[in-house]
Structure formats: structure tokens, C-alpha cells
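Undergrad: Have a look at the structure that comes next, please.
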Amino acid sequence: MRFVDEVVIKLQAGKGGNGCVSFRREKYVPRGGPDGGDGGNGGSIYLKADENVNTLIDYRYKREYYAENGRPGEGRNCYGKAGEDLYLVVPVGTSVFDIDTNKKIGEVLQHGQTFKLVSGGKRGIGNTHFKSSTNQAPRKFTLGEEGEYKEVRLELNLLADVALLGLPNAGKSTLIRSVSEATPKVADYPFTTMYPHLGVVKVGVDSFVMADIPGVIEGAAEGAGLGLRFLKHLTRARCVLHVVDICPFNESDPVENYFAVEKELEKYSQELFDKPRFLVINKIDLLADKVEQKCQEFVEQIGYQGNYYTISAAMKKGTDELAKKLNEFLQKQE
């Protein structure tokens, strides 16, 4: 299924039903009083989060949504039926932005959580309500109000504990495959990963969610490559793994590659740049000798002061230990 994380839709809540003008007419009661009932309220439209949904693709092809109108009131003080509410099912982590103001107006972050997008119109009232001592046979009633209309943008930000960051072909997809049951495409060419993937990493009785996004290239913060579109999925992660290919097949410099990604991350969002971040040196199986020494030299060259991990995602070397350390970090954050 294609991954879609941003759509624009139009919403029209239901109109309220009109009030009714009616008078009681029964045998032996030829001039009964007013008995016109109220109309029904118009239906509203809600977002509803579902953990089993992971894309907004359904809203790419259908862009307009209408809630049901309320029914008009009837005689004998019968109220009209309220319009049925409409629920739009979306992935957990979906935010809503008003197109006119471009402001965020809501979000759904937990399974089953709802958020009202537009409100149904208020019902009209029947002539029963207008009876008075001076007007025993009122013909006055009110119309139901129009339902609210709004055009909104839905944006999905994946909810993950750990996000993978790095250049294309750094081995991020191989890493998430090696520690979870996620199955992103893996190949020896850049941009194999076209859309984000989530994987659940299990460590004993604990588990956490890891996200793999398309690789970042120079200029991503300005929209180059696929990076800009998907960097937003890192914003809700609790920590970021910067995955570096220590032995690039294109013979590029790992040091320059590291700083290129760090530069784009800082340009895109200072908040994201300040998140807890760990260095993962990948593809150590491709180093002919002195693996530990070469990795240490790389760390010194980039001036990295934090914890770092050396792995071969393809050979699953060091990946279990990495998963354990990440789980320990996440447990301490709770």
C-alpha cells in the first residue's frame, strides 16, 4: 500500500432540521393548540485515531465529506431525527491544520481518540415554543442552522520511539530489518526506501518502535531529495540514531557524510537537532582490518563526545547489543 502522509479535504457538517408548524387536530378537539416539534441537529464530522491504520491514502482519492442533515420536526410534538455524525478514521499521530489560517487546530495521538472537525447545524424549533397568553395559535418557527464548513490539511507524523537518520544507502533499512519484523526494501543503490517504515523491536518483555525514513541528502532542508518531506516524522521520536556507512561503496568520505547530515538536521529544526542522538557506525564487516582503531579514528575526527555503537546490520553483528542499549535508554526516560 502506498504511504500517504499529507492530504487536503473539504468538510461539510449537516444542516439542522427545520422546526414544524402544526396544531393539534383530533376528534372533539377542533381547535387544539400548537404541537409542532423541533428539527434534529445536523451531524458533525470527527477524526478518529486507529492504531491499525498507517496511511492517509483513503483521503487522497476522496476529498469531500458530508455529514447527514437533521430531519425536520413533525406534528404531535415529534422531534426530527438528528443527522448521523461522520467519523474519518486516520492513523494515530495525525494533526489537523486549517487551510485558511495554516494553524494547527487539533491532533489525535492515542488509539480511539476523537477530535471534532466541524459541528453540525443547530436544530430549528417548532411553533410549540412560541405559544403565549396572547398568542394561542402561533405560526412562528425557526429554520435549522447551516452546518459548519471547513477545508483542512491532515498531516501524519509517525509516532516512534527511535528514528533512523542518515544518508541514502547508509544501511538504515537493513538495520531495522535486523532488529524487528519490518521488511523495507533493501538494495545497493540510493533511495531504496521511498517511504517511512515502522518496526517493533522486542527486547525481552519490553518493546519499542523504530522508524526508518528515506535518506537525507545535502539540501534536504530546502527540499532536495526526499528528506524534507519525511524529516517531520522524526519530530515525535524520543531519540535519533545517526547511521553512518564507515565504508561507502562510492568511496566518499564518511567524515564529510556525517557532517552533511548533521548540517541538514540543524537547518531543518533546532528542536529536532537538540533531541537525544546516538551515533551508529555501520558496515564494519567491510573493513579489512583494524576495525576498532578505524572506528575510533572516525569518532575523533568528527569530534563526537557521546555514546556510539559499531555494527554490521547485514551480518547482525552488534545489533542485539544496540537494541538492548536503546531499550535501557528509553526505560530511563519513562
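Just so you know, glycine gets a Cβ as well, placed from its N, Cα and C.
What you are looking at is a predicted structure, and each value in this text was computed from that prediction instead of being measured.
Sharing the record's features from Swiss-Prot:
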type	residues	note
BINDING	166-173, 191-195, 212-215, 282-285, 312-314	GTP binding site
BINDING	Ser173, Thr193	Mg(2+) binding site
DOMAIN	1-159	domain 'Obg'
DOMAIN	160-331	domain 'OBG-type G'
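Help me understand the surroundings of these features in the structure.
TA: Secondary structure from DSSP puts Pro214 (GTP binding site) in coil. Around the Cβ of Pro214 (GTP binding site), a 10 Å sphere holds 24 further Cβ atoms from the protein chains shown.
When secondary structure is read from DSSP and collapsed to three states, Ser173 (Mg(2+) binding site) falls in the helix class.
In the predicted model, residues of the domain 'Obg' (1-159) average a pLDDT of 91.
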Undergrad: Between Pro214 (GTP binding site) and Ser173 (Mg(2+) binding site), find the distance joining the two CA atoms and give it rounded to the nearest Å.
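TA: Rounded to a whole number, the Cα-Cα distance is 9 Å.
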Undergrad: Whole-number answer please: how many Å between the C-alpha atoms of Gly166 (GTP binding site) and Ser173 (Mg(2+) binding site)?
TA: 11
Undergrad: At a 10 Å cut-off from the C-beta of Ser312 (GTP binding site), count the other C-beta atoms across all protein chains.
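TA: Other Cβ atoms within 10 Å of Ser312 (GTP binding site): 22.
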